[in-house]
């Protein structure tokens, strides 16, 4: 049910001769008969806000847990001692720079000519809050031997999305995209507000888990609606604009919040403001007409299609015979397969199963690479690198969009993952050789590369699954990515290896997996030359996952009479 018209950036109202030409050229099987215009812009705005809110909550811990200068707290009987005197007399020196130690003190604290002093670990800490105000680190003492709790907070946030993803996908496919979105936005708003006033670390962690689950569900639901209401020619541009816009704007949002204060509750409140904007934005949205038609809810689909047509400035009377043709076409094509699809359809169908495994693996290793590289923390304080990334991001994203459109999603994804693998391998080598000068440059270059690969994967995942299980497929894909990030987090923080060897091992494992699944991506169908399938049966009839050896894939020369060449013509 793809539309055959519409430029990706043509969002003007259609009227007069353009409308008559549109009605003559539009195939009756296309449910996207309501044109392009303000309706799509509303959905794009809502999707952008939703992805922005999800990105802000995902990155919030980097600001909420900002490192704060700390030292052992003075016992009550020594509170009269000035802080500078306490640091100089009662705290051991760090061997690397000679500064006061953060995690140990002398006992007894003050020097005595007849008493030998021993070095003991701190039981409480004091913090320098003169710049920026309190953070969650200073509020709940997440330093020294309690620093592992920060890793738990990061892991629990990822785990919240892992648990919610399958339920979100099933709900979006069975109940609809909009009901799931409404529930997620409401829950996200409540959890964001409650996080601002959390009084204990346990409450903060639990609320972050709920926030992660709600943000993940909302992210999936709005992406599905945007994909399914946009004509074929504009889907790549719309999805790329939503994803890349949110990814670029979210660090700027957090940076501006941190310029005024590092007070964790105030920063959390600024993030909550983006969530509040979602409430009126989601009010504009309607259910995906494509999903309604595929699930045979024709009355509701007719209402949405005609409403969207009015918003886009089309004549509803001219839409009625076209919509009748859509209904008849769907009934004739799905006469023998009108049954609710489930997650097991992804397993039973050989073609869909093969696609799913490769896509899941790509998500797993791409997000594990993001967690391993951690460009935000590694580049903290490198102003020149951050400025260079911001200046280069725009032109690179334009080139990336043109590459996806002209060269195809599959090959663009494979190329991006191969480059990403080379980046991580080079960083591992520099880590072993202890060459720190080039590492910031590679990390700086990895930021736009990661965004381009993520954008390609995001677009391809929405296209490769049929409508009846698109929510489930997309949800399981992003769940796989979060599991990859969680695995990288555990591998980098739980192993008993030396920090250098642990970091190097993680980089090499991620590099190998990224390269392997990047090559396997060449086995996937090229979605930019295929119409989007609505049912499992239609997906199986499209270009299947090729099972040839990778050597044959790379060396095969297509003749002019091959099936794929005829499809492109």
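Including glycine, each Cβ sits where the backbone N, Cα and C put it.
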Annotated transmembrane segment segment (source TrEMBL; candidates 333-350, 387-404, 531-548): 387-404
Stretch contact, the transmembrane segment (472-492) with the transmembrane segment (236-254), Cβ-Cβ under 8 Å, 3+ pairs: no
Spatial neighbours of the transmembrane segment (357-375) far in sequence, C-beta under 8 Å, 6+ residues away: 413, 417, 420, 423-424, 427, 443-444, 446-447, 450, 453-454, 457, 460-461, 464, 473, 476-478, 480-489, 492, 506-507, 510, 513-514, 516-518, 520-521, 523-524, 545
Stretch contact, the transmembrane segment (413-433) with the transmembrane segment (266-285), Cβ-Cβ under 8 Å, 3+ pairs: no
Two-stretch contact, the transmembrane segment (180-203) and the transmembrane segment (266-285), at least three Cβ pairs under 8 Å: yes
